[in-house]
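Have a look at the structure that comes next, please.
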Amino acid sequence: MVKWSKTELTIINDIFSHLDYDDIGPKALSRCLIVYPWTQRHFSGFGNLYNAEAIIGNANVAAHGIKVLHGLDRGLKNMDNIVDAYAELSTLHSEKLHVDPDNFKLLSDCITIVLAAKLGKAFTAETQAAFQKFMAVVVSALGKQYH
């Protein structure tokens, strides 16, 4: 079980209370698909992913980015038991979708980068530490079924 300080919980809750899901989600998933093109294989049904412009303008990518970002709400609501909160999604991604668990870390990094760009100076080292700790726990939970 992960131990969260009051400061970490405050920072994480503050980030999510101001998060623009419709902006951050599409940008983060688009970045992941552009920077790590091999991740596109899981999105073959999304239509044109031929280049960066097509990915950024793809409505399916945008919608899934929003869905993924809202998926983090599950962890936020279950900070004391994130692993169990993501057990079903871990099984889905490992057994049905066959997603390489390393892709969770790649997307996590992209979410962090987009969030940092959005928050600017407000994305302090302390904010980054708390957010990346949260994301690392979520990534670990999503990869749990693979172990």
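FYI, residue positions are counted from 1 along the chain as it appears here.
Glycine is no exception: its Cβ is also placed from the backbone N, Cα and C atoms.
Reproduced below are the annotations present in Swiss-Prot:
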DOMAIN    3-147  domain 'Globin'
BINDING   H64, H93  heme b binding site
Residues with Cβ closer than 8 Å to the Cβ of H64 (heme b binding site), same chain and 6+ apart in sequence?
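Listed in sequence order, they are L29, F43, F46.
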Can you count helix, strand and coil residues in the domain 'Globin' (3-147) using DSSP?
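DSSP classes over the domain 'Globin' (3-147) add up to 116 helix, 0 strand, 29 coil.
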